[in-house]
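Structure, as structure tokens:
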């Protein structure tokens, strides 16, 4: 590695300054502010705040509703990540094999990527509308009388479906390019070595796709935890009531609707810790298992 | 072990491009066949059709007695060695070798025996626990060979397996492949564009050009009696000198200008005459007329060590020809020389079709 010498010891720091400033202003400062306010009880009308120590955290954990939200967030994140990756993988494998009109096919599959989350939520509302929604009608014909916005599980189901639908194109694009990055002759060697196409997929194609897969796993978990806010908000028509919500939505709900800034900050601090732990685990796994070349 | 039979095999891409135009070859059991030709001649396509990696447009391919047109690659009982090795990057060398056997439900101890045996033959026993990325090019090539050997297939298919190796390693692996094939006696089809590789490895050569077979024969036969001007210029290095000649009252002559003499052998008006650089002798002026006598002017002398190649211009502005001379011979640019060739070393081809004229 070539070592660059600067005239002044300050020069490298000045060059780094813009990036550091962005990190400080948009991440460190708000994070510090959240940690600070998680120890205070904020006056709802902004007239002052009282230091309450860990009381906000105690309240959060004592709240039975919080446990319910945690459970739903866990299930929701798992379902969204699993199904959006699995469906995208099936589509990518099939699209990779299409020879005629493949670009039209791929473009159509990527289309949804361009849809903004609230719009996706809106489309979801139409699809799951109590009276005219085709999905509701379909399940009704199959004997499942869905009540979106009323029944806890039905609403959760609709959220998962819309969130998965929104995320499939991203996964599809990455998985398809991952598939196309696998050496053709390696796949041909496998075609000669392994009579079963199914087995060939799991023993050669899938392991070689793992680097892309692990990357997408992080992206998808983050997506399910945080970026589904818009979808959820629109589906709930901003009136959650007894409906399922995720942790991030609860932070918003308690902080900005309930005016409990302290409790909301405590929750976001907990979320920060969760994300931090998750990131460390995933990078450890990736470094250990997914490096081929 | 098995015979391989290709019966008027054609390959058409997209209904328009005909890559292979009705090729028929009978490959004997245990034979080493080399498909050779320039890029785009259809040799790789042909091999891939035998492997089952390309569909056969029309025609029939048989391995043993079985027509394999619609058989999956894995069920054709063949093993293939690829140009870029195509090793499984996520598997150890051991698993790379064992993969094809495991998938066929072979017993563990038999797999182990075969892998160890192949590793011993190819001297890769020390690397069995490594991943391919930790191996050099030559070692990877050996692993790729090992993956073919352990299968003990009816046929080996080689798709330019040596072209990614450096020159020295290539010669070494070439000798090894030959030795291995002779001891295993497995029917082999080998694709290359390197005529030296083709000559040294083949029991029989198949020279391909533009999707057609130009000639099939033992290497020396192809060298001695090239069936066409294409084969003549492709096999042998430096390439055979090909001269456009006409005939007049006195016999052979250049179409343009003087500088060539010789008897008309087949009673035709025009020919393409071919002489290999190694069959032209520099003779003193006034020597008796040979089957072909040329007058030329030296352009360049190119020493390559064991021998030298003399580039000279025939007659007045005639074609440039190459002559092999002994390594320490001395010639000056511009020097006038006389060249002669014996009757058995002069090849005549049809001036229009380029096919060999025998008789």
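A Cβ is built for glycine as well, from the same backbone N, Cα and C atoms used for every other residue.
TrEMBL has this to say about the protein:
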- A:12-32: transmembrane segment (TRANSMEM)
- A:69-93: transmembrane segment (TRANSMEM)
- A:70-282: domain 'ABC transmembrane type-1' (DOMAIN)
- A:105-128: transmembrane segment (TRANSMEM)
- A:156-179: transmembrane segment (TRANSMEM)
- A:200-226: transmembrane segment (TRANSMEM)
- A:266-286: transmembrane segment (TRANSMEM)
Quick tally over A:12-32, A:69-93, A:105-128, A:156-179, A:200-226 of CB pairs under 8 Å to the transmembrane segment (A:266-286) gives the top stretch as A:200-226
Could you tell me what the rest of the chain brings near the transmembrane segment (A:105-128), counting residues at least six beyond its ends with Cβ under 8 Å?
-> 91, 95, 98, 134-136, 146, 148, 158, 161-162, 165-166, 168-170, 172-173, 176, 227-235, 237
Residues of the parent chain within Cβ reach of the transmembrane segment (A:156-179), under 8 Å, 6 or more residues beyond its termini = 72, 75-76, 79-80, 83-85, 87-89, 91-93, 95-96, 106, 109-113, 115, 117, 120-121, 123-124, 127-128, 135, 146, 148, 205, 209, 211-213, 215-216, 219-220, 223-224, 228, 231-232, 235, 243-244
